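Here is what TrEMBL records for this protein:
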ACT_SITE  SER232  active site, charge relay system
ACT_SITE  ASP326  active site, charge relay system
ACT_SITE  HIS360  active site, charge relay system
DOMAIN    204-411  domain 'BAAT/Acyl-CoA thioester hydrolase C-terminal'
Amino acid sequence: MAYSQIRLKILPSVRCRFDKLVQVRVEGLTPHKQVKLRSRLVDDGGRVFKASALYKADETGQVDVCRAPSLGGSYTGVEPMGLFWAMAPEIPHGKLLKKNVLSPTLVEIEAMSAETGELLASETNERGYMTEGMKRIPVQEGRIRGVLFIPPGEGPFPGIVDLYILGGRLTEPRASLLANKGFVVLALAYMGYEDLPKKPKKLDLEYFDEAVTYLRRQPEVKGPGIGIISISHSGGLALSMSSFLSGISATVCINGCNANTAIPLHYKDLIIPPLTPVLKNITFTDSGLLYVRNGIPDPSLENNRASQFPIERASCHFLFAVSEDDHNWNSVLFANQAAARLRSHGKESFQVFTYPKAGHFLEVPYMPHCPSGFHASVGSEVAFGGEPKAHSEAQLDLWERVQQFFKSHLDNKSRPTC
């Protein structure tokens, strides 16, 4: 085999946005010979993620990952983006960390001889987060800390607050990629970022009220209302904001809880206590991981009702996205209870989308699945659930639904009522 004739191509370009599909193709191989493809990235925390798959060249000596089936490895069958979504951490229990969205995530793709393991060809896919002309503005406005993403072009644009707060730091990938779709997005921090407290003793809803007001006042933001996108613990926060604050038209809650958890929530003179975990319900998986899914009690039980959010007060539309294999907590139960509460008050302004075999962290498309990892509230590594392929398909579906949801309810000339 003349290795100099072998080429690995990433089409339409080696540079793309993180949420975009690419075509991986290998040319110049010996017809019908097997070749191993490997993908590898190093995240901003130094963690290595990788995947591999075995392919067979066609009669022209080509492997087109968009058409050819994987015969084995990290996935099987025709999976155009399998080398991306199937990546797993080299050291278990890792979640991909992206601190700096100004630089792309680099995914190295290699073609290797299936027989000898010799490297035949390689190429690097630069998967970026910000389109040309987008503004990334660090925010230090009063108490508010975060980053504002403003898309290029003539505004004003619909505004969205992106909440991803538990565990500290600031998470920018989803916010920046959403801004590429024509939204002004405020990635909002609350703990463990800059001068914010690492372990706050309460959730201060007035802080988030200030953030909503700040976003709505930006000249690039069209009114009258803004959107919220949230996940996990931040989902409950989004529900509380929708219940008590004005100026919110559309709220996305991904695998959240319909009651307060972890720490008390304060708003003016009101205090909503957190649910008390049932420690005896926390068990271990066969592999020794903590299984915390049943640790949060049923919010509808009489002694837990004080922790529920009064979402019937909200004047916005809701999108609840829930994973049936969420091992963090019972997201399906919580979303169904939230929907029932809205319905019992004559409100039908919500959608519930359920994803079988998906795990807790439904992220942007092609983000590697995180089946287990460190849990900030628990202080230990826990199971998060999900099967990689089903999880990836859920992320792809939800990403499109989220964009359509916000376009439907934030582009209206008049604010929707529930």
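All positions are counted from 1 along the displayed chain.
Cβ coordinates come from backbone N, Cα and C, glycine included.
Cα to Cα, HIS360 (active site, charge relay system) and ASP326 (active site, charge relay system) are separated by 5 Å. The separation of SER232 (active site, charge relay system) from ASP326 (active site, charge relay system), Cα to Cα, is 10 Å. Taking every protein chain shown into account, SER232, ASP326 are the active-site residues, and of these the Cβ with the most other Cβ atoms within 10 Å belongs to SER232. There are 27 other CB atoms within 10 A of the CB of HIS360 (active site, charge relay system), with all protein chains counted.
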